[in-house]
Each structure stands twice: as C-alpha cells, then as structure tokens.
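According to TrEMBL, the feature transmembrane segment maps to A:12-34, A:71-95, A:107-128, A:140-163, A:184-207, A:247-265. Residues annotated as domain 'ABC transmembrane type-1' in TrEMBL: A:72-265.
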Amino acid sequence: MAVMGGTERAAKFRWALIDVVVLVYALVPVLWIVSLSFKTKETLTDKNFIPREWTLQNYVEIFSTNQFLRALLNSVGIALIATVIAVVLGTMAAYAIARLDFPGKRLLVGVSLLIAMFPQVSLVTPLFEMERSLGLFDTWPGLILPYITFALPLAIYTLSAFFREIPWELEKAAKMDGATPAQAFRRVIAPLAAPGVFTTAILVFIFCWNDFLFAISLTSTTSSRTVPAALSFFQGSSQFEDPTGTVSAAAVVITVPIILFVLFFQRRIVAGLTSGAVKG
Amino acid sequence: MAEIVLDKVSKRYPDGALAVSDVDITIADGEFIILVGPSGCGKSTTLNMIAGLEDITGGELRIDGQRVNERAPKDRDIAMVFQSYALYPHMSVRENMAFPLRLAHVDKETVNRKVEEAARILDLGQHLDRKPGNLSGGQRQRVAMGRAIVRDPKAFLMDEPLSNLDAKLRVQMRTSVAKLQRRLGTTTVYVTHDQTEAMTLGDRVVVMRGGVVQQIGSPQSLYEQPVNLFVAGFIGSPSMNFLPATLADGQLRTPLGPVPLTDRIRRLVESSSAPREVIVGLRPEHFEDASLLDEAERSAGGTFTAAVEVMESMGSDKFAYFLVEGETATSAELDELAAESGSAEMTDNGAQIVTRLSAASPIKEGDEAEVWFDPDKLHLFDPKDGRTLTHTG
C-alpha cells in the first residue's frame with residue numbers, strides 16, 4: 001500500500017509540474033503585458049517583472065484620447081452585430097442540417113467547410129476593391145459582412161453538433177402535444193440548444209474581436225477602425241516617446257471583455273442539461 | 001373518445017421499401033388495441049401514421065368518421081407516450097404535464113386543476129416541482145402518461161411505453177396502464193414486441209409481420225385459433241412446439257410416433273384440402289406426465305418416451321424440455337421467429353419439445369419419461385404458406 005501511495009503521489013506531482021509549466025508558458029506573456037501597463041515611462045525598460053513604481057497613467061492616457069474610445073466602440077459594435085447575425089443564421093442552418101434530409105445538404109456542408117479553410121489573406125485585395133466600389137470600405141458593414149462569412153462555418157459546425165445531441169423524439173412529443181413546428185422549436189428545442197448557442201456565440205465573438213487582418217485592410221479612419229487595428233496606430237505624444245506602456249494598457253483593456261464574456265456564459269453551459277429527457 | 005379506422009393504410013418509403021401494406025383495422029371507441037410483432041414488422045410505423053408523425057402513402061385514416069390523412073399531429077387531438085418518454089428536460093414535472101394545455105391556451109386555473117388531478121391519479125403529487133432528470137424510470141414513465149391524459153384526447157397512442165423499465169416494475173406498470181385505460185375509457189393503440197404484454201393488456205390484438213396484418217382478434221382467440229404458423233409461434237410463452245408430420249391413412253406420422261386423428265381434426269383437415277406433408281403444432285400445456293393419468297385418460301391421447309434434457313420447476317408447474325430425434329419442422333415463418341427470439345435452434349439432431357407438466361410429476365432431469373399429449377388439441381399447418389389447416393373460426 002505504501003508503495004502504491006508513493007507512486008500515486010509521484011504521479012500527482014508529475015501532473016502538477018506539467019500543469020505549472022503549461023500555465024507559466026501561457027501566462028507569462030500576458031502577465032508581462034499587464035506588468036508593462038502599470039509601469040511608468042521611466043521604468044518601462046528596467047526589465048523588472050513586478051513594476052517598481054506603479055502607475056495608472058497609461059490607462060488614464062488611453063481613455064483620454066478619442067482614438068481608443070472610438071476604436072473600442074467600433075470593436076464592441078461590430079463584433080456584437082456580427083455575432084448575433086452569424087449565430088441566428090448558423091442556428092437555422094445547423095438545425096436544418098442536423099434534422100432534415102434535403103437535396104444539396106452535403107454540398108452545403110462542403111461549401112461551408114471550404115469557406116472555413118479558405119486563406120483569408122488571399123481575399124483581402126479583392127474585398128478591398130469590392131468594398132471600395134460598393135461604398136462599404138471603412139464602414140461597419142464593411143467589416144461585419146466578411147466576419148459573418150468566416151464565422152458562419154464555425155457556427156454551423158458547432159451548432160449542428162449540439163443539435164444532433166438533442167433527442168428527436170422531444171420534437172415529436174411537442175408536435176403530439178399540439179405544438180406547431182415553430183412552437184416546438186422555440187419552446188423545446190431552442191432552450192435545450194442554449195448551451196450550444198452560447199458556446200458558439202463566444203467563439204464567434206472572439207473571432208470577430210481578435211481579427212486584425214480585415215480590420216487593418218478594410219478601414220482607413222477611426223470611424224470603423226477596431227481596437228486591434230487602432231493599437232498599431234498608437235504613438236507617443238512625441239516621436240521620441242515610446243508608446244509601449246499605452247499599447248500594453250490598451251491590450252489589457254481589450255482582453256477584459258473576452259474574459260468577462262467567457263465567465264458570464266460559462267455558467268450557462270451546464271453539462272447534462274438534456275439528462276432525463278429520454279430513458280437514462 | 002373516438003373510433004379510429006385504418007382503411008387499407010400503406011406506407012412506402014421514397015426508396016421503394018414497403019413498410020406497411022394495406023392495413024385494415026377498425027378500432028372501436030374506448031377499445032384497447034395492441035399492435036404486436038417482431039422488430040421491423042411495421043407496428044411502430046403504423047402507430048406513427050395514426051399519430052401523424054409519418055405520412056400515409058396509401059389508403060385512408062379516419063378518426064370519428066373524418067379523414068385525417070393530411071392533418072398535422074396537433075390537429076388530430078391524439079396523445080402519445082413514447083418509448084423513451086421524451087420528457088422535456090428543462091421543464092419541471094408540472095410544466096411537462098401542463099405543456100399540452102398551455103399550447104391549447106387553457107386558462108391557468110384549469111391547467112392547475114387538471115395537472116393536480118392527473119398527478120393524483122398517477123401518484124406524482126410530491127414530485128410536481130422536480131425535473132425529469134431527478135426521477136426514477138417508473139416515475140418518468142408516469143409523467144409521460146400524465147402528459148398524455150391531462151388533455152382528455154380522443155385517443156392514446158403508446159409506443160412500447162414499458163420496455164425501458166425493469167422486469168418487476170414492468171409487470172406493475174402493466175396493471176396500472178390497464179386500470180387507467182379502463183377508468184378513462186379512452187381509445188388506446190398500444191405497440192409492443194412483447195407477446196405477454198399483448199396478451200394481458202388488450203381487448204384485441206393485431207399481430208403484424210413484414211408490414212402485413214396476420215391476424216386480429218381477442219388474446220384468447222389468437223392463442224386458441226392462430227391462422228398461421230407465425231401467429232401460432234409468436235403468441236404464447238413458452239411457444240408452441242412444431243414438428244414435421246405426414247398425413248396418411250387417417251393418422252399422422254410424427255417424430256413422436258403415429259398419432260391418430262380425432263374426429264374433430266379429421267373433419268377440419270378434410271375441409272381444408274390438406275397436403276400430405278404438414279407441420280404439427282402442440283402447446284406445452286397439452287402435454288402431461290403419463291404416470292399421473294389413469295388408464296382411460298391415457299388411452300384417449302398419444303404418448304412418447306424421451307429423456308428429460310432440462311427441467312425447470314416453477315412451483316406451480318414444471319417445464320420439461322425433451323429432445324425428439326428426427327427432422328425438425330422448417331418454414332419461413334419459423335425461421336423468422338427463431339431469428340427474432342435468438343434461439344435459432346442449435347439442436348441439429350432433433351427438435352426440442354417444451355412441455356408443461358403438473359407440479360406433482362416426479363420426473364427428474366435426465367430421466368427417461370413417458371409423456372402423454374392430447375391429440376385433439378393439436379394444430380396442423382401447411383409448411384408452404386404457413387396457413388392453418390385446423391381453423392374453426
């Protein structure tokens with residue numbers, strides 16, 4: 001027994017060690033940025049992990065410039081609108097794919113897979129030309145549209161996996177209980193698919209929020225520039241000033257919504273929500 | 001309350017497969033009818049067509065005299081209990097049962113009253129606010145029943161509602177389903193693959209095979225007068241014994257020895273133009289330990305002697321299994337039944353005979369025993385198409 005306990009403890013220790021290594025590997029750059037954002041301009045390059053002098057100056061600075069606030073507004077607005085549209089369309093498409101047999105179903109799935117695999121970089125130039133001639137360049141819809149296009153395959157895949165998990169008999173039962181197909185979907189299927197919808201929403205939102213390529217290529221002014229693009233335009237108050245502190249502060253600020261988003265929706269992703277529906 | 005009429009109802013899938021073929025059943029108002037058959041016989045498809053969950057591709061379905069082929073399930077006023085119960089996991093028991101009433105825009109007070117009443121009947125009172133996930137199998141089953149009865153539908157459809165319960169609970173629930181149906185007097189169509197359920201529950205039983213109705217009748221009439229080999233082998237447990245036989249000179253040559261035809265059988269055989277080669281069917285209870293009978297009784301029947309392979313004592317009677325040497329009866333129907341029960345007779349050197357003997361019988365496993373049987377109770381079937389040659393109905 002003692003030997004057993006010993007090996008068990010050793011195994012636990014090994015796992016703990018691996019966990020720590022992974023955590024450190026993932027978190028050190030993040031913490032470094034957080035640390036930079038709290039440093040004063042003078043101590044910025046002192047190579048200390050923990051700031052010797054703490055300051056909120058960087059945060060005050062980014063929020064006092066119109067540039068960052070406007071970019072933040074653009075980011076939130078564009079990402080939210082794109083997420084809502086992509087999730088609504090994705091829900092309908094995924095439901096049809098999971099539940100119905102219609103001609104061209106495989107083709108639809110194939111095409112959406114194709115879009116997901118298409119290198120975005122090769123689309124930047126054509127999109128730029130198209131949006132300019134359509135008057136969409138440097139507007140919110142100009143970013144929302146490509147985001148929806150690339151988020152939809154993701155949404156359809158995640159959601160159709162969730163829909164397949166829901167027992168079809170529940171829908172039949174609802175129909176027998178007197179529900180129209182729309183009522184059956186709204187009152188029985190949708191509530192059960194909610195965890196899937198939230199998961200998908202998070203993924204799509206993060207995708208839109210983090211995008212840099214389209215954001216930098218399809219915008220030219222603050223009217224639609226999102227935070228990742230705006231960050232690259234940050235500069236100090238003079239050309240001799242290093243903007244690292246403010247960029248770090250801005251990076252921390254745009255990470256916060258993502259963390260909140262995940263924490264908030266995580267509670268809704270209750271495992272085993274469908275337990276008890278069918279036999280068990 | 002309603003009469004349900006299936007008038008040559010058929011189901012053909014787009015790929016051409018015929019799942020249900022020309023089913024004619026008239027289900028009387030308030031009747032409890034059972035659709036029974038092995039898996040894939042079309043019983044569930046038939047039920048789904050009555051429900052409206054599957055399209056009817058041929059024939060007409062009438063409820064209360066009205067054609068309902070094209071009506072959506074919600075417009076047929078029929079409730080269904082699913083094999084998996086299909087309870088809504090995100091709703092409490094109360095909400096589950098109230099769901100059909102809510103959809104029908106019944107006022108809140110009536111909904112509450114009806115749900116409480118159903119809960120009382122089904123003994124679910126203390127579970128009303130729990131989620132289905134926290135209920136036992138039997139409780140879930142009752143919630144599913146409750147959801148069906150709250151709205152007083154014209155008919156209940158039940159798709160193997162007890163098959164997910166353990167054996168003991170199943171027997172219990174069987175009784176309560178029967179009681180509930182009598183009490184409510186609602187027309188009920190019940191699908192099962194379990195012939196015991198079919199025999200004990202139904203006013204009438206419909207035996208199906210390969211999408212075709214084999215026989216419709218009361219449980220007793222199916223048992224006593226099966227129209228073909230399939231029904232004979234499907235109904236009854238343990239099932240009927242089948243042996244090949246030859247009709248000649250007013251007697252039957254069977255692996256059990258020659259059996260004289262009684263007057264009743266002889267008349268039936270003559271009127272049905274029987275072939276020479278037939279299949280004999282004998283139910284287990286028509287055998288008896290010969291040593292328990294007096295001389296007069298013995299001479300009225302046939303006897304054979306064989307070794308007891310297995311003896312199962314049930315307390316009230318004993319099941320003795322014998323191996324009778326010689327050929328075994330073969331026909332498409334019997335092959336299908338054997339495949340269904342998974343007992344594709346492994347005995348390659350003879351036929352197994354199951355007999356039900358009196359508990360008083362002293363016969364033990366391994367004994368060479370003399371067994372009596374009643375030749376007037378035997379059934380004869382045509383091996384080619386399986387039809388009965390001894391039908392009196």
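Glycine residues also receive a Cβ, built from the backbone N, Cα and C atoms like all the rest.
Counting C-beta pairs under 8 angstroms (sequence separation of 6 or more), the transmembrane segment (A:184-207) reaches the transmembrane segment (A:71-95) with 3 or more such pairs. A Cβ distance under 8 Å defines the sequence-distant neighbours of the transmembrane segment (A:71-95), meaning residues of its chain 6+ beyond its ends; these are 108, 112, 140, 143-144, 147-148, 151-152, 154-160, 162-163, 185, 189, 193, 197, 200-201, 204-205, 208-209, 222-231, 253-254, 257.
Beyond the ends of the transmembrane segment (A:140-163), by six or more residues, the same chain brings 74, 77-79, 81-83, 85-87, 89-91, 93-95, 97-99, 109, 112-113, 115-116, 120, 123, 127, 131, 189, 193, 195-197, 199-200, 203-204, 207-208, 211, 214-215, 218-219, 224, 226 to within a C-beta distance below 8 angstroms of the stretch.
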